[in-house]
Structure formats: structure tokens, C-alpha cells
Amino acid sequence: MPKSIKSRVDRDEFEGTHKSTLEKPNLNGDRLNFYLLIILYIIQGIPVGLSGALPIILQSRKMVTYEDQAAFSISLWPYSLKLLWAPIVDALYVKTIGRRKCWLVPLQFLLGILILYMANNIEDWLPESGKPNLKILIIMFFVVNIISATQDIVVDGWALTMLKKKNVGYASTCNSVGVPFGMFLGSVCFTLLVSEQFNVTHFRAAPGAGGLISMKSYLYIYGIVILVITSIVGIFKKEKDSSLEDGCININVFQNYKLLWDILKIPRIRVLAIVLMTTRIGFTATDVVSNLKLIDAGVSKENIMIVTSALYIIKLIMPIFVSKFVTGPKPMSYFLKVTPFRLLWCTTYVILVYFTPSLIRKDGLVAVPTYYYFIMASVLITNDMLNFFMLLTLFAFFCRLSDPRFGGTYMTLFNTFFYLGFLLSNTMVLKLVDFSTFRKCSTNDQNSCSTPNLKNLCSANGGSCVIYMDGYYIVVFISLIIGFIWYFVFRNIIKKYQSLSISHWMINIKRPVVQTATESCLMPA
């Protein structure tokens with residue numbers, strides 16, 4: 001067949017596939033699917049929230065070092081590594097059960113059982129006083145996040161076929177509402193509900209009464225809810241056969257991995273990978289360590305979480321006002337405009353951390369004035385608004401670069417590069433802060449307090465280990481320098497890349513003749 005005729009046939013087939021997607025979206029007949037997807041994304045978001053809440057709780061109880069925090073940050077790595085097993089999830093399934101359902105039901109049952117196991121042991125692993133069992137906590141949360149990340153792959157894929165073609169656009173709405181709300185339940189709500197100080201301050205409980213709910217009870221409720229919802233989905237929800245859809249490109253596991261390899265062989269993709277993995281280095285120190293330093297200074301974790309709850313509200317409203325910037329032809333132009341300003345805004349975090357002890361302490365006691373909360377909220381909210389705007393422009397950039405035939409694979413790949421860089425820099429920064437922080441005993445300048453034995457010796461002699469060089473300020477300074485270097489090195493590359501047509505990012509792939517039940521169907525984005 002002549003090339004011109006073949007391209008016209010492919011175009012007609014592509015347009016036929018998308019004809020129904022051009023209809024006006026209408027949730028009539030799709031509302032139950034819409035709400036089910038939101039619930040599934042909420043279930044996915046709660047483990048991420050819990051993984052963010054535990055470091056705050058550990059820091060507030062003075063139980064861990066920054067090196068321990070770096071070790072715990074590894075528990076979130078599965079979300080950056082899920083690309084390694086995503087092609088297997090996409091390609092292998094039991095057709096009689098359903099391509100996505102056969103993965104979702106066992107995964108969520110396993111997640112529910114693990115959460116119940118954690119609930120039964122959390123009081124031993126994380127006692128009110130004494131050293132936590134950090135090793136088992138890291139292992140458990142790492143496993144839970146592997147399951148949650150795999151569930152993310154499954155739900156993202158099911159969303160494309162669960163909703164009618166004309167309503168597929170609502171899939172991103174389900175994700176953007178469900179995951180943040182789940183993170184809110186797992187981080188802010190969990191931290192406040194289990195906090196005795198929050199219960200005493202706001203609900204007039206007697207000291208020693210504990211929180212409004214215990215960690216054990218919270219995890220039991222979450223685990224039971226997962227099992228109940230999964231049972232309902234397993235019994236009542238039927239999955240339609242997506243292999244019957246028009247416009248599918250069926251590829252097996254090997255072809256899925258080969259597709260990823262072909263994408264990675266594009267020179268611009270390799271450069272973009274470096275850009276994405278280093279884009280957050282300049283902000284990581286302030287984003288990750290600053291709240292922990294505020295807790296060290298005496299600010300309660302409850303007040304930080306109350307401010308954080310306002311940030312979730314802003315995230316739900318903000319897209320309405322910035323959509324015209326992120327949906328334009330060059331979203332990264334706004335990303336580059338905001339980058340220097342946000343790097344400079346990091347210095348306000350440093351100033352806040354530096355002056356917090358003198359602002360909230362009086363005669364050695366913590367007494368936080370009202371105006372301090374307004375200052376803290378202003379710094380945190382402004383930083384988070386800038387961060388969220390940059391994320392929106394970045395994800396819009398991903399959409400523009402993705403080959404329409406394999407949009408999900410491209411988006412997963414770009415997100416993997418970005419979050420892998422983010423999590424690696426998190427772990428590295430926490431380790432560097434601990435490494436570059438120097439202490440000495442208040443009663444003996446020769447005692448460096450660098451080992452547990454030296455710390456115990458200092459305490460035995462009536463002294464305490466005090467910091468005389470805080471690694472936080474050193475790491476922030478280095479991060480800002482690297483951030484500005486990154487900006488001047490990559491800004492022209494980013495401007496060039498966003499001006500290129502999509503053909504510069506596409507790969508060629510032949511349709512296989514044989515289609516079997518073990519093949520995946522990549523819906524055109």
C-alpha cells in the first residue's frame with residue numbers, strides 16, 4: 001500500500017476511534033463509575049499521606065535523627081519505581097475476571113490485610129515513649145506503597161474504560177480529587193486525630209486522655225473500609241472487555257518493555273530525563289527539612305498540620321484560576337518565570353527557621369504569639385502555591401510531549417523521572433543535613449557528641465549536646481546555588497523543547513497480527 005494511502009487510512013481509523021470522545025461529556029449513566037473511581041483513588045492516597053505523617057510524628061517526639069528520616073523516606077520510592085513492573089500489569093490478566101479487576105481485587109485485599117496487621121502492632125512499633133522500631137516501619141510502609149503504586153497503575157488504566165468514551169476526561173478529575181483527599185485523610189486528619197495535644201487544646205480533654213482516636217483504631221477502620229469496598233467491587237462491579245474497543249494497539253509484555261526502550265533511545269528523552277531528575281534540587285532542602293526544623297524549635301506538629309489543611313483547599317481551588325496559563329501552547333515559559341522567584345522565596349523559609357526560637361520562646365518556655373502563626377502560614381502557603389503552579393505547568397508539558405498512541409506510557413515515564421529525582425534528592429538532603437550538623441557537649445568542648453557513647457557520657461556529666469553548626473543552613477545554601485545553576489543551564493533547552501512539534505517525540509511501532517488474551521490495549525490518549 002502506498003505510504004500516502006496508508007497514512008490516510010490510519011488517520012481515518014484514529015478519527016473514528018475518537019469520534020465519540022468529541023461528544024459533549026455527560027455523567028448520566030456514569031455517576032456510579034465516577035464516584036467509584038474517586039473512592040479507589042482515595043484508598044490509594046491514604047498510604048502516601050500516612051508516609052508523610054509518620055516523619056512529622058517521629059520528629060515531634062524527638063525519637064529520630066535526620067539520618068533516620070532519610071532512611072524512612074525510602075518507603076515512598078515505589079511510586080518512582082513502578083515503571084519497572086507497569087508493563088507486566090498492563091499486559092498480563094485473566095480475561096474472565098477482567099483486565100483491571102483481576103489485579104485490583106487481590107491487591108486491595110492484600111493492602112487491607114497488611115493495614116490490619118499494622119494496626120495490631122503499631123503500638124509496639126511506635127510507642128509513646130522510647131525508641132521506635134524504625135526498621136519494621138520502613139519495611140511495612142515500603143511494602144504498602146508497592147501495593148498502592150501498583151493499584152495506581154491498575155486504576156489509571158481502568159478509568160479509561162470504566163467511563164464512557166465521551167466522559168474519559170473526567171478520569172483526571174477523579175485522580176486530582178481522590179488522591180489529594182486521601183493524602184489529606186492520611187496526613188492531616190491522622191496526625192490531628194491521634195494527637196493528645198490537639199484533643200486537649202480544642203476539645204478540652206483531660207491530659208493523658210490520648211487523641212480523639214488511637215493509631216490502632218484509625219488503621220483498623222481504614223483496613224476494614226478497604227476490605228468492604230473491595231468485596232463490593234469484586235461481587236458487583238463488572239468490567240467490560242476493552243479488547244473489543246476500536247483503535248487499540250495490542251502489545252505483549254516483551255513489546256511493552258521494548259516500547260519503553262524505544263522511547264528512551266530518543267536523544268531528547270534522555271536529556272529531558274536529566275532535566276526532570278534535577279529540577280527540584282534547588283527547593284528540596286527547604287521543602288523537606290524546614291517543617292522538621294520548626295518542630296525542633298518548638299512549633300507543634302498540630303499547628304503545622306492545621307496550616308497544611310488550608311493548603312489542600314488551595315490545591316482544589318487554584319487550578320480554576322491558573323488553567324489559562326497551564327493549557328496554553330508554552331506552559332514551561334511560566335515554569336521558568338516562577339523558578340527564580342521560588343528559589344529566592346526559599347530564603348524566607350531559612351529566615352523563619354532561624355528566628356523561630358527567639359520568637360516563640362520566652363524565659364525558656366514555648367509561648368507562640370498569634371502573629372507568628374500568620375507569618376508561618378504566609379511563608380508555607382506562598383511556597384506551596386508556587387510549587388503547585390509549577391507542577392501544573394510541568395504536567396501540562398508532559399501532555400504536550402506524549403505520543404497520542406501511547407500517552408499513558410509516556411506520562412508514566414515522565415512522572416517516573418520527575419518523582420525519582422524528587423525522592424532521591426529528599427533522601428540525599430536529609431542525610432547531608434545530619435552529616436553536616438556538628439554538636440558539642442555543654443560541659444566539655446572536647447566531647448563532640450558524635451556517637452551514642454559520647455552523648456551518654458555528656459548526659460552522665462550533667463551536660464547536654466548542643467548544636468554549634470547547623471547543617472540545615474549549609475545544605476539550603478548549596479541547594480540554592482545548584483538551583484540557580486540548573487536554571488541557567490537548562491532554561492534554553494526547555495524553551496526549545498516546548499516549541500518542538502509532537503513528531504519530534506514519537507516512535508514507530510508496528511501493529512502485531514496476532515492478538516491474545518495476554519496482550520495489553522493501549523488506548524490513544
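Backbone N, Cα and C define each Cβ position, glycine as well.
Database features, via TrEMBL:
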| type | residues | note |
| --- | --- | --- |
| TRANSMEM | 34-58 | transmembrane segment |
| TRANSMEM | 102-122 | transmembrane segment |
| TRANSMEM | 134-155 | transmembrane segment |
| TRANSMEM | 176-198 | transmembrane segment |
| TRANSMEM | 218-236 | transmembrane segment |
| TRANSMEM | 271-292 | transmembrane segment |
| TRANSMEM | 304-322 | transmembrane segment |
| TRANSMEM | 343-360 | transmembrane segment |
| TRANSMEM | 372-398 | transmembrane segment |
| TRANSMEM | 410-430 | transmembrane segment |
| TRANSMEM | 471-490 | transmembrane segment |
Candidates 34-58, 102-122, 471-490; stretch with most C-beta pairs under 8 Å toward the transmembrane segment (176-198): 34-58
Among 34-58, 218-236, 304-322, 343-360, 410-430, stretch most in contact with the transmembrane segment (372-398) (C-beta, under 8 angstroms): 304-322
When counting Cβ pairs under 8 Å to the transmembrane segment (471-490), the leader among 134-155, 218-236, 271-292, 410-430: 271-292
The transmembrane segment (410-430) in contact with the transmembrane segment (304-322), cutoff 8 A, at least 3 CB pairs, sep 6+: no
Whether the transmembrane segment (271-292) meets the transmembrane segment (343-360): three or more C-beta pairs under 8 angstroms: yes
Dominant neighbour of the transmembrane segment (218-236) in 102-122, 134-155, 343-360, by Cβ pairs under 8 Å: 102-122
Beyond the flanks of the transmembrane segment (102-122) by 6 or more, those residues with Cβ under 8 Å of it: 40, 43, 47, 89, 93-94, 140, 143-144, 147-148, 150-151, 154-155, 158, 215-220, 222-224, 226-227, 229-230, 233-234
Distal contacts, the transmembrane segment (343-360) - CB-CB under 8 A, six or more residues away: 282-283, 285-286, 290, 293-294, 297-299, 366-369, 372, 375-376, 379, 382-383, 386, 472-473, 476, 479-480, 483-484, 487
